[in-house]
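Asker: Following this message is one structure expressed as structure tokens.
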Amino acid sequence: MKSSMQLISTLFFLVILVVAPGMKMVVEGQPQLCETKSLNYRGLCLKWRSCKRVCISEGFPDGRCKGFFNNKCVCRKPCALLSTEN
């Protein structure tokens, strides 16, 4: 009985590890963030403050370094919700 519970626990943990990275937490009332690669930032993005400064100059409210080996400066803004009302 103990080994079957351990097996079930292990399988559940593995399923969570596989499924969790693809999940997004949606908080009601907060807009989704849209991201685009900065047009003016050059080189590897190592300092998020300099990335943010460049993104602000491009008209975005925020910017962050994104990536692990190949860091890029990514500018972010709240996504516009399209209204379907006429």
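Each residue, glycine too, has its Cβ placed from N, Cα and C.
Because the structure is a prediction, the values reported are computed rather than measured.
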Asker: From the candidates C45, C51, C55, select the one that Swiss-Prot records as forming a disulfide bond with C75.
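Answerer: When Swiss-Prot is consulted, C75 turns out to be bridged to C55.
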Asker: Which candidate, C51, C79, does Swiss-Prot give as the disulfide partner of C73?
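Answerer: Between C73 and the options C51, C79, Swiss-Prot records the bond with C51.
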Asker: So C45 is in a disulfide according to Swiss-Prot. Which of these is its partner: C65, C79?
Answerer: C65
Asker: Rounded to a whole number, how many Å is the Cα of C51 (disulfide bond) away from the Cα of C65 (disulfide bond)?
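Answerer: Cα of C51 (disulfide bond) to Cα of C65 (disulfide bond) measures 7 Å after rounding.
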Asker: Please report the number of other Cβ atoms within 10 Å of the Cβ of C34 (disulfide bond).
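Answerer: Counting Cβ neighbours of C34 (disulfide bond) within 10 Å gives 12.
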Asker: Cα within 10 Å of C65 (disulfide bond): which of the disulfide-bonded residues C34, C55, C79 qualify?
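Answerer: Of everything listed, nothing lies within 10 Å of C65 (disulfide bond) (Cα to Cα).
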Asker: Is it possible to get the count of other C-beta atoms within 10 angstroms of the C-beta of C79 (disulfide bond)?
Answerer: 11
